[in-house]
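Below is one structure; the comments refer to it alone.
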Amino acid sequence: MKLTCVMIVAVLLLTACQLITAEDSRGTQKHRTLRSTARRSKSESTTRCRSSGSPCGVTSICCGRCYRGKCT
C-alpha cells in the first residue's frame, strides 16, 4: 500500500514538472538560426535554377523563364 502511494505521488510530481517546463518553453527555440539556415541550404541545394541559355523543361527550373526549351 505504501509503495503504491509513493508511486502515485512520484508520477504526479513528474507529470507536473513536465507540464510546467512545457508552458515555460512555449514559443522559444534555442538555436532558431541554425535550424532555419540548415533548412534553407537543404532546399536551395535541391532546387537550383538554371542560367540563361541553358536547356529547360518540366524537370528543370530557370532563374528567369523557359521559352522554347531554353532559359531566358
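The count begins at 1 with the first shown residue.
Glycine residues also receive a Cβ, built from the backbone N, Cα and C atoms like all the rest.
The signal peptide feature in Swiss-Prot is assigned to 1-22; the stated evidence is sequence analysis. According to Swiss-Prot, the feature region 'Disordered' maps to 25-56. Annotation source Swiss-Prot lists compositional bias 'Basic residues' at 28-40. Per Swiss-Prot, the feature disulfide bond maps to Cys49-Cys63, Cys56-Cys66, Cys62-Cys71. Annotation comment: Swiss-Prot describes Pro55 as 4-hydroxyproline, evidence class experimental evidence. Residues or ranges marked as threonine amide by Swiss-Prot: Thr72.
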Of the recorded positions Cys49, Cys71, Thr72, which one has its Cα closest to the Cα of Pro55 (4-hydroxyproline)?
Cys71
In Å, rounded, how far does the Cα of Cys62 (disulfide bond) sit from the Cα of Cys56 (disulfide bond)?
7
Using a 10 Å radius around its CB, how many other CB atoms surround Thr72 (threonine amide)?
12
Where the distance is taken from Cα to Cα, which of the recorded positions Cys49, Cys63, Cys71, Thr72 turns out closest to Cys56 (disulfide bond)?
Cys71
Under 8 Å by Cβ from Cys63 (disulfide bond), same chain, sequence gap 6 or more:
Cys49, Arg50, Ser51, Ser52, Cys71
Just checking, which of Cys49, Cys56 (disulfide-bonded residues) has the fewest C-beta atoms within 10 Å of its C-beta?
Cys49
Please report the number of other Cβ atoms within 10 Å of the Cβ of Cys62 (disulfide bond).
19
Looking only at C-alpha atoms, tell me how far Thr72 (threonine amide) is from Cys66 (disulfide bond), rounded to the nearest Å.
6
